[in-house]
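Per Swiss-Prot, these features apply:
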{"type": "SIGNAL", "residues": "1-22", "note": "signal peptide"}
{"type": "DISULFID", "residues": "C36-C52", "note": "disulfide bond"}
{"type": "DISULFID", "residues": "C53-C98", "note": "disulfide bond"}
{"type": "DISULFID", "residues": "C73-C112", "note": "disulfide bond"}
Amino acid sequence: MSLKLACVVVLCMVVGAPLAQGAVTSGQVTNSLAPCINYLRGSGAGAVPPGCCTGIKSLNSAAQTTPVRQAACRCIKSAAAGITGINFGLASGLPGKCGVNIPYKISPSTDCNSVK
């Protein structure tokens with residue numbers, strides 16, 4: 001379960017997946033992003049798994065409001081505190097590799113209140 005949480009932490013920061021207002025549950029986010037875990041814990045030498053990009057695109061499409069994105073960010077940052085081994089350099093490149101554009105930096109230090 002901790003590997004799934006690692007993926008959720010990074011990628012929800014990436015796409016601002018909606019967890020508030022009943023739009024998407026934490027379980028749905030975790031399942032959508034689980035295919036990204038091995039990539040984010042590796043060297044980045046291989047291609048991003050197709051299932052990872054599918055999850056990122058799906059969550060990005062579901063993120064409709066600023067409050068929902070901010071709530072997701074806070075949830076993910078909280079979970080990230082106990083997870084090791086994620087390459088945040090790889091995480092920051094995932095949106096572009098999956099054809100998703102986001103207007104903020106992917107980082108554990110991201111200010112969730114500034115996510116739009």
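Cβ atoms are placed via backbone N, Cα and C, with glycine included.
Nearest by CA distance to C52 (disulfide bond), out of the disulfide-bonded residues C73, C98, C112, is C98. For the pair C53 (disulfide bond) and C36 (disulfide bond), the C-alpha distance works out to 8 angstrom. Between the CA atoms of C98 (disulfide bond) and C112 (disulfide bond) there is a gap of 22 Å. In this structure, the disulfide-bonded residues C52, C73, C98 were compared by how many other Cβ atoms lie within 10 Å of their Cβ, and the smallest count belongs to C98. Ranking the disulfide-bonded residues C36, C53, C112 by how many Cβ atoms sit within 10 Å of each one's Cβ puts C36 at the top. Between the CA atoms of C73 (disulfide bond) and C36 (disulfide bond) there is a gap of 17 Å, rounded to the nearest whole number. Cα of C36 (disulfide bond) to Cα of C112 (disulfide bond): a span of 22 Å. DSSP assigns C52 (disulfide bond) to a helix.
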